[in-house]
Amino acid sequence: MKRQAEATKRKHQVSSDAPPAKRRSEISSVLAKKASDKETQRTFKGSTHKTFPPKKYLDSIGNGRQEEKPCIKTSSLFKNNPEIPELHSTVVKQAREQVFSPEAFQELDLHPHLISTINTVLKMSSMTSVQKQSIPVLLEGRDALVRSQTGSGKTLAYCVPVVQSLQALTSKIQRSDGPYALVLVPTRELALQSFDTVQKLLKPFTWIVPGVLMGGEKRKSEKARLRKGINILISTPGRLVDHIKSTKNLHFNRIRWLIVDEADRILDLGFEKDITVILNAVNAECQKRQNVLLSATLTEGVTRLVDISLHNPVSISVLDKNCNQPNPKEVASIQLNSFAIPESLDQHVVLVPSKLRLVCLAAFILQKCKFEKNQKMIVFFSSCELVEFHYSLFLHTLLCHSGTPTSEHLPSASWPLKFLRLHGNMEQEERTSVFHEFSHSETGVLLCTDVASRGLDLPQVTWIVQYSAPSSPAEYIHRIGRTARIGCHGSSLLILAPSEAEYVNSLASHKINVGEIKMEDILAVLAKDDCFKRRQRGAQKSRASGPQEIRERATVLQTVFEDYVHSSQRMVSWAKKALQSFIRAYATYPKELKSIFHVRALHLGHVAKSFGLRDAPRNLSVSAVKKASLKRPHPRRKTQRKQHLVPAEVLHSEHSSGLEGGATKCRKQGKQQGLQVAPSKPGPWRE
């Protein structure tokens, strides 16, 4: 009894010495927070994130209104990252071409009205080097294989001879005669661009009618135009093959010109069979004609096409300053490992850990397009899903933070951001609208797939950013070729992970030099904008400075992205789909680059961070994605897919005729090449 009384007394003493209940609650809260922070740091591998109770904060307008907002603990962007290696690439002598020549168009034997149109409408007086070498040869009626750097004026090099020869025919061309010239191009956008150039050249010669055929347009309308008559026909291969098989009014008995522009790209996209069908159809009705093949790069596939389409051709290469080469095969084999790059093009590379890729890309866009005047940028991605995801993400985050500058370090004004997108899953009407809008815009950021990498002349593009590394040096050349066109200055940036640094040496082996930009220099732009300054409790600004401040602002920007992605289950699902698309595209690099871009080298948790995901999806693993991407479709279900095509599938590929699903076409091409291609896997062009 006595012991029980003493125990009760000690209990009351402890109780009387303890702090009040409110104080005890605060102490326990602080201890719990510290324990939570330690646990989060200890278990961080992209899998543990703590959610804190709601707290009050002042809104951005500053009107004193208080709201409840959950504070989510995000893992550090600057911890557990792989070490960034030093680049020790060998400096090589790049192949150069002289873009302009001193000769003017007046020196050529052209119709005076055609020369006047070139000078006044196209605003060109002097020829480029490739035009100087090509136009006289083509006016002589010779077949030709033309190779020159991107942006050197190859389109005009064949358009001028075609218009000159057709207007000079003694018997005046009638619209009802049908095609006299056939031009094949790989993409719809290039078809529109070539059609626009021909249309301008034909202003003095109204009796010659140009026309364009491409997937995505109404086949009935195209049949009506063919019935009325088209004298210069520009088309994508898939659509033309469809009309050859189904349109009775399409005849080639008067064909005098057959031109294949971007010949290597047409073959890369699997159109070799379509080209064979077209050549057979033309040969069946007209044996005598002039054939021209053009491209910025020559491949082994082009040499095969030379064998079946050209007769005693002239090889024109500005790079080697050789004309009238007797054997185009030898020229092609010599030039396979070297590429001509415009002298006015500056090339850069930056090594960025996977977790920081998204923040680094956003910071670079802000640096060039918000804080610098008259900047126009194209960002290349590996798939349509990546384009759509980043377009939506930047549209709802960066635009909301690109208002009036508040920092004293800002220039007198910042420039509004404008985002556009272009890829093969868009409807043709929207693609055409975006193409024209970006072409006529002075500023803007175009997010796109490789559909925009070939032949397109997009004026005043100052920066090319390759967020997804190209699958070949030739693809790299065509991407950066969208800038520094016709003597203008331009720059390019290639974003690589530390494990991909060896790709720089791969480019150097093809005589391509790139200079390194440090990631810290790109992220430093965030110090110019107080929108990304971290705020502590009580709406007090962080007092950090230097590198620490930049890290804090990068974390704030990453938090903005993650908050948007996790704002709805739909966005989370969209981010996961984009992540899966990225990994599948990553698995399609050719075998010679597998040692650099191997899917097993990816840290899925870190890669997920670059998609605004706080956790790597549990049902996503490297082996699962690889297995799904290589899985062959069930033979019994193949027929059902053909019978139940939805409208979205009809317009799946920018290169198709528009009458069959892109996935079905990929599978057909895969069978011809002995490959196993799944419906959801990106094609060999990874668009």
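Positions of Cβ are set from backbone N, Cα and C atoms, glycine also.
Checked against Swiss-Prot, the range among 103-132, 133-162, 283-312 recorded as motif 'Q motif' is 103-132. Checked against Swiss-Prot, the range among 81-84, 261-264, 481-484, 497-500 recorded as motif 'DEAD box' is 261-264. Here the motif 'Q motif' (103-132) has long-range neighbours at 97, 139, 146, 148, 152-154, 156-157, 160, 163-164, 167-168, 197, 200-201, 203-205, 316, 318, 486, meaning same-chain residues at least 6 beyond its ends whose C-beta is under 8 angstroms from one of its own. In the three-state DSSP assignment, the secondary structure recorded for G151 (ATP binding site) is coil.
Same-chain residues with CB within 8 A of the center of the S148, Q149, T150, G151, S152, G153, K154, T155 CB atoms, the ATP site residues themselves not counted, are T128, V130, A157, A296, G481, R485.
Listed in sequence order, V130, S134, V146, S148, D261, L294, A296 are the same-chain residues at least 6 apart in sequence whose CB falls under 8 Å from the CB of K154 (ATP binding site). Summarising the environment of Q149 (ATP binding site), the number of other Cβ atoms within 10 Å of its Cβ, over all protein chains shown, is 27. Remark: of the binding-site residues S148, T150, S152, T155, the most isolated position is T155 (fewest other Cβ atoms within 10 Å of its Cβ).
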